[in-house]
Amino acid sequence: MPLSYQHFRKLLLLDEEAGPLEEELPRLADEGLNRRVADDLNLGNLNVSIPWTHKVGNFTGLYSSTVPCFNPKWQTPSFPDIHLQEDIVDRCKQFVGPLTVNENRRLKLIMPARFYPNVTKYLPLDKGIKPYYPEYVVNHYFQTRHYLHTLWEAGILYKRESTRSASFCGSPYSWEQDLQHGRLVFQTSKRHGDKSFCPQSPGILPRSSVGPCIQSQLRKSRLGPQPAQGQLAGRQQGGSGSIRARVHPSPWGTVGVEPSGSGPTHNCASSSSSCLHQSAVRKAAYSLISTSKGHSSSGHAVELHHFPPNSSRSQSQGPVLSCWWLQFRNSEPCSEYCLYHIVNLIEDWGPCTEHGEHRIRTPRTPARVTGGVFLVDKNPHNTTESRLVVDFSQFSRGNTRVSWPKFAVPNLQSLTNLLSSNLSWLSLDVSAAFYHLPLHPAAMPHLLVGSSGLSRYVARLSSNSRIINNQHRTMQNLHNSCSRNLYVSLMLLYKTYGRKLHLYSHPIILGFRKIPMGVGLSPFLLAQFTSAICSVVRRAFPHCLAFSYMDDVVLGAKSVQHLESLYAAVTNFLLSLGIHLNPHKTKRWGYSLNFMGYVIGSWGTLPQEHIVQKIKMCFRKLPVNRPIDWKVCQRIVGLLGFAAPFTQCGYPALMPLYACIQAKQAFTFSPTYKAFLSKQYLNLYPVARQRPGLCQVFADATPTGWGLAIGHQRMRGTFVSPLPIHTAELLAACFARSRSGAKLIGTDNSVVLSRKYTAFPWLLGCAANWILRGTSFVYVPSALNPADDPSRGRLGLYRPLLRLLYRPTTGRTSLYADSPSVPSHLPDRVHFASPLHVAWXPP
């Protein structure tokens, strides 16, 4: 007969009616008993013939594709002019005096951040925007393009202008000017000015002779409109495999591709197809390139840098065969849903491409992308705004993967020791935290995103049209992309984006100028940055507490008035460094801080209410006697594991689930095991702060016996049969706690010290976790342990009790590395009326 829930509780000593602990507890270490209980609860039966269950409530398998929901009305968030001050170290020194080694090192890591991948795989531009929403292909394309454009305008992305140059907006950093790969090449007075790009110092761009020469030809500009003969496109050589050698021109100013093996030709331009608004530039350039590079027989495109001339001149005057969008103007409409009708809505569609305020040299950047992008909801609570997801997972996969640096995250006990206090709390919201940290320009070629232009994107996804690479596009071929869906989508989008539809329909390649979210390096850098800033704030205001995890920054002070003064001072300091805070999202928590999914108060820590509700829902939906897919079990364990430290039996209670996940087998919940777990999670106990103290109780054991030293009293006992030494030591610690009630116990066993009881026999682990809950352990060497003699059966010998002081740890968060006392270079601060007369140190 299966074990009933009541019997199981008694067995685990969770009920009071159990016999003396010294007899009952060692029985739980018995292998035979553990095996019988596992059989009764159906824990060991991993091989099942019934089909697995793949969904429990909201939990589906770890690799199942939960299809994100597309919102046609998404708004692109605005990014303020984020520019982290380059002299951030000096500004911090002015604020707090000399920086500690730790703070200095961390701030130097991100000024600028560097990225060294082992191997970079370049993908075709078609993979730039992921077709995540097949129903909303065109809409998603334009929303994503608009998001990328917004990031570029905010100075977060570089725009690839040519193989070795890029343009960007915003304030340049010194490394974007001084370095060989980051020299500032152009600076223009107007952002999208109508002047042509011209180098201000010789020899900075590759093939610098092209620049001034074209400028002079632009001034003359004697070439009138030419008949459209379309020979240039027809003569393109397709062997280079570069996207630039394909049908439509690129926005980075590529002019054409030299025919393979041609000699010096001077009349190329006059025969090339042209459009009036760019005829002078294109022809001058093409004849010049043909002359200067005439003997080259490579099929590679040659770069030419220019601004589009003033777009106020109408672009409808000449034939426009270079631009897919404007070509429709000169064609006959193929149906009532032809794009011709949209293109003729307005005269002036604006320039084909835009250029940034500044231009820099970059390492060689191919016309490719290294990761795809798509849009999702900003977060579960905000579905009106979109968030860009960047997939640079290639750097985390395969043999060439980058092993990202590890960094310390405070565990639950350290966090409680640090933050559980009677302070008033407030949390700050850093807007777009990742986009604060600048990347070195040399990283740009590895972090490329972009799109191949609307025509290719639509063609790739529609079944009835095919764009054949390097084939001259005929009029009929042009209309292949016309369809009712595309027409309706573009008409709706025209209301939103207006003439930007034209700009967004062109191909573009963008590289990251600030750290992107899709790379494993970014969380590490952000954690280093915010922890260094908080360290500076803590030293400036020793009577307060500032702490951060990633972009979550919290401030604590003894009273509300004090907290408000601190908030004003810290906000001004952060703004002076160039850190953007979102004042609308500042939250004042009172005395219970909500942080990292926990509620932390003076009484200790508990999980937040929404997590408790999730757990209740999970148990409500959990099926009994049905095998559940181990991937779904991973999800369940993830949720239950977060709240495990707040239950009686802790992590050991989940061990059967862990075992089935490790074996990649389905798990079947028996009614008793489910009832046991749900009762465990029904009553959650806070994890309390550890207090410093003097250790008075010691425990020790040998495989055959145990000994305790409680003050001046000594006790000993023997086990019925010899036990493994770690099990014996754990039992001794449990006896010490139950006999003395002390929350501080000295032991010489490292496994007991670690307080991880998952490797012990299952029943013993569960019971020990409950008995030792809230106990702190101090290490005492065996030779000095007063309980060593009693454990060996010698009660007569008394070793003196040690004066063992216990100091609770705040973890490896490098928070309280005692910094050398630094003389402040500031005049004495005016002290506001503060209830504190002493510096507040962490509890």
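Residue positions begin at 1 at the first shown residue.
The backbone N, Cα and C atoms fix where each Cβ goes, and this holds for glycine too.
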- prompt: Which of Asp429, Asp700 shares the Mg(2+) site with Asp551, Asp552 per Swiss-Prot?
  reply: Asp429
- line: Cβ contacts within 10 Å for Asp552 (Mg(2+) binding site), all chains included, total 16
Field: Intrachain C-beta neighbours of Asp429 (Mg(2+) binding site), sequence separation six or more, cut-off 8 angstroms
entry: Asp551, Leu581, Asn582, Lys585, Thr586, Lys587
- prompt: Once Asp429, Asp551, Asp552 are set aside, which residues in the chain still have Cβ within 8 Å of the Cβ centroid of the Mg(2+) site?
  reply: Ser427, Leu428, Val430, Ala433, Ser548, Met550, Val553
Query: Hey, what's the Cβ neighbour count for Asp551 (Mg(2+) binding site) at 10 Å?
result: 18
